[in-house]
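Features of the protein shown, as given by Swiss-Prot:
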BINDING   E204, 286-289, 337-344, 369-370, N377  ATP binding site
DOMAIN    255-390  domain 'Fido'
REPEAT    77-110  repeat 'TPR 1'
SITE      E204  site 'Important for autoinhibition of adenylyltransferase activity'
Amino acid sequence: MDSTQIKQGNLRYLIHLLLASLAGLSIAIIVTHAPVFWRLRSSKNTLDPPGFREGLNMLIPEIHFDAEVQDPLYGEALAALKAASAMKHGGKHSKAVKLFQQAVSLAPHHPEILLQYGEFLEQHDVVQAEHLYNRALTANPLDSRALANRQRALPKVKQLDQEMLDKIDEKRDKLFSIPAGSLPMKRAIKEAYFQHIYHSNAIEGNTMTLSMTRAIVETKMAVPGKSILEHNEVLGLDEALKYVNSTLIQKSESITIDDIIEIHRRVLGHAHPLEAGRYRSTQVFVSDHVPPAPEDLEKQMNAFNDWLLSKDPEILHPIEFAALSHYKLVYIHPFTDGNGRTARLLMNAILMRAGFPPVIIRFQDRHDYYEYLNQANHGDIRPFIRFVARCTERTIDAYLASTTIYPLGHERTRELTDAHDEKDPNR
């Protein structure tokens with residue numbers, strides 16, 4: 001996945017120079033395996049605490065969009081907005097939603113379109129409305145209407161986010177109370193291990209099935225009809241997961257960039273040994289994102305390391321800290337390949353150190369994952385954090401279902417079966 005995106009970015013480089021904009025970031029979706037040892041730490045449920053914005057903005061330049069620049073779709077977007085407003089006042093809300101969405105897709109940085117759509121949604125979806133107000137402020141930081149709307153919506157959004165994190169913490173505590181040595185928990189951990197490797201590699205284009213992945217990890221035997229590279233990707237992620245589980249989650253000190261390099265060394269150790277654990281020496285392009293130049297990598301990574309060791313993580317909820325760490329690393333993109341996988345391992349190491357199981361991002365969720373990262377690139381990291389939170393909750397639910405006996409046909413049983421289904425109609 002990483003290599004494909006780099007090639008696509010190279011083809012679009014001239015377009016990037018002409019547009020002179022920094023837009024969507026697409027990265028590989030990487031996961032880790034369930035921990036053998038979880039250490040429960042106290043967590044503070046916060047959203048936008050002191051230092052949160054500073055932590056987010058470190059290493060990431062401010063991005064503003066000139067709403068006055070009209071492209072060929074500008075007029076069409078305003079026409080859709082006008083039609084949406086008419087449908088809204090006529091009580092035809094379903095049609096209004098489609099027209100608002102069309103207007104936003106045609107002019108995604110136009111403040112008036114974002115504001116009107118947000119005001120339309122606020123009563124029924126205040127989280128999405130506040131996100132639209134935030135996007136309007138990114139396009140025009142001095143927009144008084146956008147400021148007023150966001151100030152009105154933000155307290156409600158903070159309360160909802162707080163409730164979401166509290167709910168996940170309660171489920172984490174319930175899971176933590178189950179003996180790690182119990183047979184159901186051991187089975188759940190083992191199955192999750194294979195699930196993580198399978199989904200991680202599938203998202204990057206690896207065609208190994210779940211059963212093939214399990215066979216390679218358990219026997220180290222080759223699977224007929226599959227490339228050496230695909231085998232090596234499975235072996236590399238297997239070693240990286242073992243390193244995270246046996247070393248990082250039991251480490252008393254904070255995670256540093258040295259640990260990140262060690263993760264990467266194992267991720268690419270079989271597939272690309274010459275690049276494993278080394279910063280890139282060439283410029284790369286990831287979709288529409290242009291990472292820092294090679295000569296700036298050491299400075300950027302040192303700044304990232306300073307942030308990891310600072311007091312900022314202590315005021316963040318572990319899910320926020322983990323998601324931010326992941327985002328910062330993929331933004332820098334310090335390696336030629338394997339950045340997404342390494343960032344996901346870093347994120348899950350942070351979660352496990354706080355008593356959470358590692359997040360499972362399913363192959364079929366990749367589109368949403370890319371979209372939330374794209375939104376982060378445009379100034380709002382919170383949709384990405386919420387996505388990570390939902391994935392964390394779903395993972396905990398799967399563990400609880402695996403370790404609880406339910407009657408055949410019970411809703412929980414069906415959920416667990418769906419979570420473990422390796423088939424995907426898109427593959």
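Keep in mind that glycine also has a Cβ here, set from the backbone N, Cα and C atoms.
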With DSSP, how much of the repeat 'TPR 1' (77-110) is helix, how much strand and how much coil, in residues?
-> 27 helix, 0 strand, 7 coil
The sparsest Cβ environment within 10 Å, among the binding-site residues S287, T342, is found at S287
Top of the binding-site residues H289, R344 by count of other CB atoms within 10 A is R344
Given the binding-site residues E204, G338, G340, Y370, which one has the fewest other C-beta atoms within 10 angstroms of its C-beta?
-> Y370
